Amino acid sequence: MFKFNEEKGQLKCSFCGKSQEQVRKLVAGPGVYICDECIDLCTEIVEEELGTEEDMEMNEIPKPKEICDILDDYVIGQDKAKKNLSVAVYNHYKRVNSGKGNDEVEIAKSNIAMIGPTGSGKTLLAQTLARIINVPFAMADATSLTEAGYVGEDVENILLKLIQAADYDVEKAEKGIIYIDEIDKVARKSENPSITRDVSGEGVQQALLKILEGTVASVPPQGGRKHPHQEFIQIDTTNILFIVGGAFDGIDQVIKRRLGKKVIGFGSHEKQEDLDTGQLLSKVLPEDLLRYGLIPEFIGRIPVIGSLTPLDEEALIEILTKPKNALVKQYQKLFEIDHVELEFEEEALQEIAKKAIERKTGARGLRSIIEGIIVDVMFDIPSREDVDRCIITKETVSDDDGSPKLVFRDGTVKLGNEKLPKESA
C-alpha cells in the first residue's frame with residue numbers, strides 16, 4: 001500500500017518514506033511509489049549481486065587434477081600433455097580472475113603450443129578443455145591465413161569465429177579459447193629472416209603477435225576484408241587463451257642434432273639414437289622451434305609447450321573402446337537403433353589399430369577404416385528385420401574382400417558379402 005500524507009496531500013515513497021518534495025522523481029506503480037534515490041540503491045544492489053555471481057563462476061573452475069580426470073574420460077594416453085595443459089588452463093583462468101583486483105602484481109599471459117604427430121589428440125584436447133571450462137571455443141587453420149592485404153583470411157577472422165561461437169556476446173568471447181591448427185605450416189623456410197615477402201609464413205606469425213599478446217582488435221562483423229566506413233566489433237584479446245598445434249614433421253631431427261652435441265664422449269649413457277620420436281618430442285625446447293622456423297617473438301608468446309607422443313597399437317585399441325564417446329560405442333549405438341547388435345572381436349580391433357599405424361593417420365584414421373569395413377552392411381541392414389548380430393572379425397579387417405559375419409534370428413550365419421537369404425514374410 002502506497003503512503004499518502006493526508007495533512008499536505010502529498011505522496012510518499014513506499015520504500016524510504018520521503019515525500020515527493022524531498023526527492024527529484026517519484027515513479028508510480030500498481031499501488032506503490034518508488035523514488036529515484038531508492039531506484040539508484042536497488043540498481044547498485046543488483047549490480048553487486050551479479051558481479052559476485054560472476055566472480056563465483058570464475059572461482060568454480062575445476063582444479064588441475066579435476067581437469068585432468070575429465071580429460072581422461074575422453075582422451076586416451078598423453079598423460080604428460082594432459083597434466084601440462086590442465087595446469088596451464090587453470091593458471092590462465094586464475095590470471096583472468098586475479099585481474100579484477102587492484103594488485104600491483106600482473107600475471108603474464110601463458111598461451112600454449114602442442115606438438116605431436118597427426119591423429120595424436122591435439123584438437124580433441126583443445127575442444128575438451130573448452131567444454132570443461134564452459135567457455136566459447138573456435139578453431140582455425142593456419143594454412144588459410146595470410147598477412148593483411150593479400151589473398152586469404154586475415155587473422156581477425158579467427159576472432160570472428162570465437163564471437164560467433166559466443167552468440168555475438170563479446171564479453172563472453174573475451175574469455176574464450178582459440179585453437180590454431182597446422183601452425184608448423186607457417187614456419188619460415190630457414191632460421192634467418194627472409195629478405196623476400198613471406199605472406200603466408202613469417203608474415204602470418206607477425207600478424208598473430210598482437211592478438212596472442214593481448215590487444216583490442218577490430219573485427220568485421222561479416223568477416224572478410226576490412227573496408228573504410230565499415231562498422232567493427234571491438235574485442236580485447238588479453239584474456240583469450242590461444243592454443244596452437246602442429247605435427248612439426250622433422251623437428252625430431254632438430255632435437256636429435258641438438259642432443260647429439262651433448263652426448264659426445266665416453267661419459268654419456270643415453271645416446272640420441274636410442275630415443276624414439278615420442279621421447280625426442282618430450283625434450284623439445286624453444287630453441288628447437290626457432291631452428292624449425294618460428295620467429296623469436298612468436299615463440300615468446302607461447303611459453304607453455306606440450307608434446308604429444310605417437311599412439312601405439314595398445315593406445316589406439318583403447319581409443320576405439322574406452323572413452324565415453326568411443327568409436328566402437330558410437331557404431332554399436334547406430335546398429336542398436338536398427339535392433340542389431342554389433343560386436344568387434346579383440347583380434348579385429350588389433351588389425352584396425354595396425355592399419356591406422358601403417359597409414360600414419362593415428363586416431364584420426366580409425367573412423368575411415370571402420371566405415372570402409374561396415375558400409376555395405378549398414379546399407380543392407382536397415383531394410384531387413386531378420387538380422388540379429390553383426391560380428392567384425394580379424395578377417396573382416398585384414399582381407400581385401402573381407403566382410404562382417406551376420407547372425408540371423410533363426411540362427412543362420414553368413415558373411416555380409418554372401419548372397420543374403422530372402423527375408424521371410
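Each Cβ is built from the backbone N, Cα and C atoms, and glycine gets one as well.
Look at Swiss-Prot and you will find CYS13, CYS16, CYS35, CYS38 tagged as Zn(2+) binding site, backed by sequence analysis. For PRO117, THR118, GLY119, SER120, GLY121, LYS122, THR123, LEU124, the entry in Swiss-Prot reads ATP binding site. Positions annotated as domain 'ClpX-type ZB' by Swiss-Prot, on the basis of sequence analysis: 1-54.
Counting other C-beta atoms within 10 Å of each candidate's C-beta, the binding-site residues THR118, SER120, THR123 are led by SER120. With the fewest other Cβ atoms inside 10 Å of its Cβ, the least crowded of the binding-site residues CYS13, CYS35, LEU124 in this structure is LEU124.
Put plainly, the binding-site residues CYS16, CYS38 were compared by Cβ crowding within 10 Å, and the winner is CYS38. Each of the binding-site residues PRO117, GLY121 was scored by the number of other CB atoms within 10 Å of its CB, and the largest score is that of GLY121. Listed in sequence order, the residues SER14, PHE15, GLY17, LYS18, VAL23, LEU26, TYR33, ILE34, ASP36, GLU37, ILE39 complete the 8 Å Cβ shell around the Zn(2+) site centroid, once CYS13, CYS16, CYS35, CYS38 themselves are left out. Of all the binding-site residues in the record (CYS13, CYS16, CYS35, CYS38), the one with the smallest CA separation from PRO117 (ATP binding site) is CYS38. Excluding the listed site residues PRO117, THR118, GLY119, SER120, GLY121, LYS122, THR123, LEU124, the same chain places GLY116, GLY245, LEU308, GLY362, ALA363, ARG364 with Cβ atoms within 8 Å of the centre of the ATP site Cβ atoms. DSSP assigns CYS35 (Zn(2+) binding site) to a strand. Between GLY121 (ATP binding site) and CYS16 (Zn(2+) binding site), the C-alpha separation comes to 62 Å.
Comparing the Cα of CYS35 (Zn(2+) binding site) with the Cα of every entry in THR118, GLY119, SER120, LYS122, THR123, these being the binding-site residues, the smallest distance points to THR123.
The average pLDDT the prediction assigns to the domain 'ClpX-type ZB' (1-54) is 76. Geometry remark: LEU124 (ATP binding site) versus CYS16 (Zn(2+) binding site), CA distance 57 Å. Straight-line distance linking the Cα atoms of SER120 (ATP binding site) and CYS38 (Zn(2+) binding site), rounded to a whole number, equals 60 Å. In sequence order, LEU311, ALA356, THR361, GLY362, ALA363, ARG364, GLY365 are the residues of the chain that are 6 or more apart from GLY119 (ATP binding site) and have a CB within less than 8 Å of its CB.
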